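These features come from Swiss-Prot:
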type    : residues                         : note
BINDING : 37, 38, 39, 40, 41, 69, 108, 137 : 4-amino-2-methyl-5-(diphosphooxymethyl)pyrimidine binding site
BINDING : 70, 89                           : Mg(2+) binding site
């Protein structure tokens, strides 16, 4: 039963690019994306604050769902749409502060045990990964594959879910066929020969999400 402690999100968030710069945020919002995440790693808050401010402003301009990865204090301070946290961040984050600020929360998971941890936090959505091998970041866990993803989707029922990890244009239809609400992509867009074409094709498959 989907009863999060944080504001709800649509079951279908649509195509959900995860990018590391404001430039990518802007060009993808201009291209029609309406759910997006800014993920800048391993910098101090003061080093990324200007980027967070700019990304949130763009999200508002395009009426988009803009999630900030990890930098939850800045997301609260500048009132982002939401925050995305990894498992390792849950214990060190003031979830009640995020909740009190009215921000949505997404949480990464990689197996059933981590799904249990995520469900205990009652986030707005749960990310499931990595589905396929990925070069975007080092992963300690093995790829889950489509059968395991489908099993997680069945377990989570009406909970909004996002599949992530090695999802290409060619693989996207099979991933969505598991019943997952949304697909997060990184290199399928940022490393595409023509990112505009790749984005348009992925939007045609995954949509922009429900209101």
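Cβ coordinates are placed from backbone N, Cα and C, and glycine is handled just like the others.
A map of Swiss-Prot features onto the structure.
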residue: 37; record: 4-amino-2-methyl-5-(diphosphooxymethyl)pyrimidine binding site; Cβ contacts under 8 Å, 6 or more apart: 16, 17, 18, 19, 66, 67, 68, 69, 84, 184
residue: 38; record: 4-amino-2-methyl-5-(diphosphooxymethyl)pyrimidine binding site; Cβ contacts under 8 Å, 6 or more apart: 19, 20, 21, 22, 25, 51, 52, 55, 66, 67, 68, 69
residue: 39; record: 4-amino-2-methyl-5-(diphosphooxymethyl)pyrimidine binding site; Cβ contacts under 8 Å, 6 or more apart: 18, 19, 20, 69, 70, 84
residue: 40; record: 4-amino-2-methyl-5-(diphosphooxymethyl)pyrimidine binding site; Cβ contacts under 8 Å, 6 or more apart: 20, 21, 48, 51, 69, 70, 71
residue: 41; record: 4-amino-2-methyl-5-(diphosphooxymethyl)pyrimidine binding site; Cβ contacts under 8 Å, 6 or more apart: 20, 69, 70
residue: 89; record: Mg(2+) binding site; Cβ contacts under 8 Å, 6 or more apart: 70, 72
residue: 108; record: 4-amino-2-methyl-5-(diphosphooxymethyl)pyrimidine binding site; Cβ contacts under 8 Å, 6 or more apart: 84, 85, 86, 87, 114, 118, 127, 129, 164
Three-class DSSP secondary structure - residue 89 (Mg(2+) binding site):
helix
Secondary structure of residue 39 (4-amino-2-methyl-5-(diphosphooxymethyl)pyrimidine binding site) (DSSP, helix/strand/coil):
coil
For residue 70 (Mg(2+) binding site), name the DSSP secondary structure in the helix/strand/coil scheme.
coil
Mapped DSSP class for residue 108 (4-amino-2-methyl-5-(diphosphooxymethyl)pyrimidine binding site), helix or strand or coil:
strand
